[in-house]
Ligand SMILES: Nc1ncnc2c1ncn2[C@@H]1O[C@H](COP(=O)(O)OP(=O)(O)OP(=O)(O)O)[C@@H](O)[C@H]1O
Ligand SMILES: O=C(O)C1=C[C@@H](O)[C@@H](O)[C@H](O)C1
Ligand SMILES: [Mg+2]
């Protein structure tokens, strides 16, 4: 049974939508950021602060190497998972990749609600978001399905993902 992998920039809703989707389709739910924190017994901001981004990326890949083998799971990733082709090869071998996008204004608003994203701890968050998005956009578009979440609720996003899963034969008809 294929996994559903959610990729996308910070604040596009991977974690909240992924949890909801897993509940609706009866899959297990894994969030790579949460898993990294649990396995390493350390928060992501603390990890960045103590050991830097490179160390975090290595821990991220370790977690992906484990969870890519799961079945029947919705896997919500961290925003930078797409940067390492090894991560994406592992994940896509055993799953379909759904990319969530959002406008810069939506991202700015949503990422201001909780301040636990080390890469956005900066004075000019809009500028950093624009720069990171520019560098990453091509990766976020390498997906089996791309959904703009700017003006729809997490529930509506899951409706679209479920439609996509049914059309691809990943999920059987209603039930
Ligand atoms: N479609 C949506 N419409 C409005 N708000 C949303 C939507 N999706 C998520 N949010 C809100 O945006 C914030 C960020 O969502 P979430 O943590 O799920 O994003 P994420 O993609 O997992 O981010 P990160 O990459 O940093 O883990 C949360 O407050 C969430 O409730
Ligand atoms: O976009 C990113 O590079 C990140 C996103 C978050 O989900 C975390 O994985 C971490 O803060 C890095
Ligand atoms: Mg998340």
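Positions of Cβ are set from backbone N, Cα and C atoms, glycine also.
A TrEMBL annotation is a machine prediction, not a hand-curated record.
Source: prediction; values computed, not measured.
Under DSSP, residue 11 (ATP binding site) is assigned to coil, being neither helix nor strand in the three-state scheme. According to TrEMBL, the ATP binding site annotation covers 11, 12, 13, 14, 15, 16, 117.
Feature annotation from TrEMBL assigns Mg(2+) binding site to 15. With a cut-off of 8 Å between CB atoms and residues at least 6 apart in sequence, the same chain places 31, 33, 34, 76 near residue 15 (ATP binding site), listed in sequence order.
For residue 33 (substrate binding site), other Cβ atoms within 10 Å of its Cβ number 21. The secondary structure of residue 33 (substrate binding site), as reduced to three states from DSSP, is helical. According to TrEMBL, the feature substrate binding site maps to 33, 57, 79, 136.
A C-beta separation below 8 Å, combined with a sequence spacing of at least six in one chain, links residue 13 (ATP binding site) to 100, 102, 110, 149, 154, 157. Selection of the binding-site residues 13, 16, 57, 79, 136 by a Cβ distance under 6 Å from ligand 1 yields, in sequence order, 13, 16, 79. Counting every protein chain shown, the number of other Cβ atoms lying within 10 Å of the Cβ of residue 12 (ATP binding site) is 26.
Same-chain residues at least 6 positions away in sequence with a Cβ under 8 Å from that of residue 14 (ATP binding site) are, in sequence order, 6, 7, 8, 31, 76, 77, 79, 100. Listed in sequence order, 80, 83, 84 are the same-chain residues six or more apart from residue 57 (substrate binding site) with CB atoms under 8 A from its CB.
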